[in-house]
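**Student:** One structure, pasted below without further comment.
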Amino acid sequence: MGDWSFLGRLLENAQEHSTVIGKVWLTVLFIFRILVLGAAAEEVWGDEQSDFTCNTQQPGCENVCYDRAFPISHVRFWVLQIIFVSTPTLIYLGHVLHLVRMEEKRKEREEEPPKAAGPAEEHQDPAPVRDDRGKVRIAGALLRTYVFNIIFKTLFEVGFIAGQYFLYGFQLKPLYRCDRWPCPNTVDCFISRPTEKTIFILFMLAVACVSLLLNVLEIYHLGWKKLKQGMTSPFRPDTPGSRAGSAKPMGGSPLLLPPNSAPPAVTIGFPPYYAPSASSLGQASAPGYPEPPLPAALPGTPGTPGTPGTLGGGGGNQGLRAPAQNCANREAEPQTSARKASPPASTPPAAPAGGPQQFLPGGAAGSSGDSDGEGAVTAVELHAPPEPPADPGRSSKASKSSGGRARAADLAI
């Protein structure tokens, strides 16, 4: 048989870039297959055809019976098995050498001085092929090549074991009966050293089973651990690093905000509000301007606690309601003398209050209520004193009822 040194050197280079189980597999291939096949098996099967004899004198009968008994020699069958099983490993070795050569070329280009002319080409440097210890790291495309290498080796092992069983079986019998043409009848043929050949057949079958078991273990070790680790690498799209790299500060949509940022503050300005003067009594407030805030309700008033009262009506009806309110205040004046005044409301005019609010012109305090004793709500607003009316008697009474202090007696009419 030919020289195995060339194939041995190639497989030795591949052993440097394999896992621990892969190195054990290559050791089994070297010692228990190539070495045993080259040293002993060829000597055992050397007289295979010359010592195959049949009890007939018919020319050609012995040759056709040998061809039917052994379609292919065991030695040549095992040589083909070694070549086919080693081919995926050689392909993986070629991939490794290609990556190493590409890295060497890249380093040579980096060492060269940069060209003065031409725009600078932006390219992403690939990950280094070798790790810190100088070994080729099995990751990425190289990892996939290694996994396919193991899978094809396993398939070839299974195929050759099944082929050997269907071609010869796993045992050689000393007697082989042949009735193939041109034999005149069924003839008996005898095989030389059948027991020794059977031992070698079983030995090579055991080595093939060990190699198959190592391939399965390597698939478990590499396919379920390293391949899973490669699939969950930190460069996947849903990791924080990839999202941070893809998000640009000025490239996003202007309508989208970062997840942790506060909503933008929107400032809406209104013109300053001025208290209505005496000359503007009876005029409707301009649309679009905010209404003046209403002071809080007195704490002692019956009704809903804490809710500021409102006097119905729009801003345009303030002048029409002022005389009616003054009359109500004059009628309630006899009842107010027997009661004590409640504490004044200290809410400034600018204090905010919810809901629509209405005010009496001229800064008068207004009260509204039903005649059957229901509680009324009093609103107080502090403004500059209005001009004195024509009747001084009535104005003095009105000034008493519309003073800065609101009394509890004003609530009952």
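Counting starts with 1 at the first residue shown.
Backbone N, Cα and C atoms are what each Cβ position is placed from, and that goes for glycine too.
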**Student:** Check whether Swiss-Prot assigns GLU104 and HIS221 to the same side of the membrane.
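**Tutor:** Result: yes, GLU104 and HIS221 share a side in Swiss-Prot.
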**Student:** From the candidates CYS178, CYS183, select the one that Swiss-Prot records as forming a disulfide bond with CYS65.
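**Tutor:** That record, Swiss-Prot, gives the partner as CYS178.
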**Student:** CYS183 has a disulfide partner in Swiss-Prot; which of CYS54, CYS61, CYS209 is it?
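**Tutor:** Between CYS183 and the options CYS54, CYS61, CYS209, Swiss-Prot records the bond with CYS61.
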**Student:** Which one of these stretches, 2-15, 254-267, shows up in Swiss-Prot as intramembrane segment?
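**Tutor:** Intramembrane segment, as annotated by Swiss-Prot, spans 2-15.
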**Student:** So if I exclude everything within five residues of the ends of the topological domain 'Extracellular' (171-198), which remaining residues of that chain have a CB under 8 angstroms from its CBs? That is, six or more out.
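**Tutor:** For the topological domain 'Extracellular' (171-198), the nonlocal Cβ contacts are 44-45, 47-48, 51-56, 58-62, 64-66, 68-69, 74.
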**Student:** In terms of Cβ proximity under 8 Å, which residues at least six beyond the ends of the topological domain 'Extracellular' (41-71) contact it?
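**Tutor:** Distant Cβ neighbours of the topological domain 'Extracellular' (41-71) are 1, 78, 167-168, 176, 178, 180-184, 187-193, 196-197, 200, 204.
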